[in-house]
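Q: Found this in TrEMBL, in case it helps:
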- A:17-38: transmembrane segment (TRANSMEM)
- A:77-268: domain 'ABC transmembrane type-1' (DOMAIN)
- A:81-100: transmembrane segment (TRANSMEM)
- A:112-133: transmembrane segment (TRANSMEM)
- A:145-166: transmembrane segment (TRANSMEM)
- A:187-212: transmembrane segment (TRANSMEM)
- A:247-268: transmembrane segment (TRANSMEM)
Amino acid sequence: MSAPAVSIKGRAFGDHLLLALVILLSIVMIAPVLWVIGLSLKDNAELMADPNSVFHAPYTLKNYINTVGTSSVFIWVRNSIIVSGGLTLGTLILSSLAGYGFARLNFPGRDVLFVIVLFGLAVPEQAVLVARHQIFSVLKFHNTYQGLILPGLSAPFGVFLMTQYFKAIPKELDEAAMLDNAGRFRIFWKVLLPLTLPAQATLGIFTFLGAWNDYFWPLISATKKDMFTLTVGMASTQTNFAQSEGIGFLMAQAVFAGAPILIFYLFFQKYIVTAVSGAAVK
Amino acid sequence: MTADIEIRNVNKHFGAMAVLEDLSLSIKAREFIVFLGPSGCGKSTLLRMIAGLETVDSGEIAINNERIDHLPPGKRGVAMVFQSYALYPHMTVRDNLAFGLENIGMSREVIDARINEAARILEMPHLLERKPGQLSGGQRQRVAIGRAIVKEPKAFLFDEPLSNLDAALRTRTRLELAQLHQRLQSTMIFVTHDQVEAMTLADRIVVMNNRRIEQIGSPMEIYERPATKFVAGFVGAPAMNFVEATLDRSAENAAARFADGVSVQTEIVSNQLSDCKHTFGIRSEDVRIVAAGQGNADGVVEVLERLGERTLVYARLGDGQQIVGSDAGNSRIAVGHKVGLAFDGQKSHLFDESGRAWHAREA
């Protein structure tokens, strides 16, 4: 009888150790966020005099009022939402259609084309940068939303993911729908696409987060301040840090910048965890 | 609604491999017909060709004298129940049943009426708002059949629909299918490799092997007068006993002589048989177990299978051949006993080298 008791005790200790570790890691993750929020609530002059003043009153909303009133951060957030949202929507539509085509349609050169698409995974963005920049210059796409969205729509990973997912759906469902008098697009739209929701969620989350955090292409394509995405805009204020309006104001902008992604996370928490863990959503 | 189905000289290849060769078949309206055969014989392919899920390389398929082999599946007026049920997992049972009717633009009132009627027939009104994932295997089966019923098709096609059910449920569902056929009076085509399903459900069985039809007949015709050695061996459990034999055709009816000198007088007319080697065939229930020395041959009991109403006795003859005979359910025979085997000449069969069967004259 004693052996199981020891085992249960041992397991309880392990659980406690794990919990302590999780709490520690959470603190490491959350502390900088709280630090940023704390700094954003302090008067700039006070912070300049004493950085440790963040730990005690008085606190002020002045930085947020200034941000709302004068900063470009709203424009950058709007740009990021448009670019990330547009890119996510476009990627989901194109990857789903392409995945369905590769998984279900028989057409000449299908397998070769699929391999060519997969080759796209091996081509780094930097390798095509100059050519893309030239093409977009000719098309006058720089400093436009299409200029920021279009490059991301070639999504070999998305096509691969959706192809594999469509392949995993039993073909009997297509056949049952054919016997139910459904045309090809109706089968795609009403029968198969709803079954790919877990893959859509995974792809959508990765695409949105990737687009939101992207810095490289927007830095090159968006040169006008009102076309900056959030990452580029925030970096531009840090470049002028010495002359900036102060660290409190900068931190208030950062909080504003982080808010949409935080809201996104709160809404899609379940799917994000699932996507990252690689498991299917039930 | 019901349908005559005509299949004329149909061929089918997958790449270089022939799957069906010059196959013809007439199915009468309201008939319950079963395609029976081993895996890979082409029975499912034939069913899928009728459904329109496989193309026809050459030949014709007609329903009620109208060619349908060029029509898409949804326009053929047939409904199919799949082995895996193929229910749409994200839709409720009601939506599963409604989907096909919505696709042809049927009014909501008619759709609801048909769904309610199908649910009543299949005793599943309480399942209509559930999704397939919330149903048991048997319930999914019912929904799959319901999805076929609501379409009021000219013919029902079943592709091994019972194979995913456990033994008890399979027996019950088999009975329900037979009742459903009586009630709907529709043409039904059922594919299976299970001879019990074929024997119990079919008006006629189409036994298929190796890309072609071996025999078409009623269950008892198939069982009692198999057309070929393959049919004789495939239908019936345990399989028919086969013994290599030479024939004595000196009398009006032939006698079969085994290698160890055992002779069995058949009631098969001699002059229709050729001189080639033949195989003697007899079912286990036509081999009675008697006292040693009292039958056509003696053998030593190796295995006993007690089935309740009878006992199957596996005995080894002197020449090494095994014969399965039948004794009473409460048989006192034990393994190792020497027993006599009495063959019923009236029920015996002969098969020539091509596999063609010869039987006693019909009474």
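Positions of Cβ are set from backbone N, Cα and C atoms, glycine also.
Those TrEMBL annotations? Automatic predictions, nothing curated.
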Q: Quickly jot the same-chain residues contacting the transmembrane segment (A:112-133) by Cβ under 8 Å, restricted to those at least six beyond its ends, or write none.
A: 98, 102, 142, 151, 154, 156-157, 159-160, 163, 216-217, 220-221
Q: In the same chain, who gets a Cβ under 8 Å from the transmembrane segment (A:17-38) while lying at least 6 residues past its ends?
A: 54-55, 251, 254-255, 258
Q: What else in the chain is close to the transmembrane segment (A:81-100), if you only count residues 6 or more beyond its ends and a Cβ gap under 8 Å?
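A: For the transmembrane segment (A:81-100), the nonlocal Cβ contacts are 117, 145, 148-149, 152-153, 155, 158-159, 161-166, 188, 192-193, 196, 200, 203-204, 207-208, 211-212, 218, 229, 260.
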Q: Using Cβ atoms and a strict cutoff of less than 8 Å, what residues sit near the transmembrane segment (A:247-268) while being 6 or more residues removed from its termini?
A: 33, 36-37, 39-44, 47-48, 62-64, 66-67, 71, 73-74, 76-77, 80-81, 201, 205, 208-209, 212, 230, 234, 237-238, 241
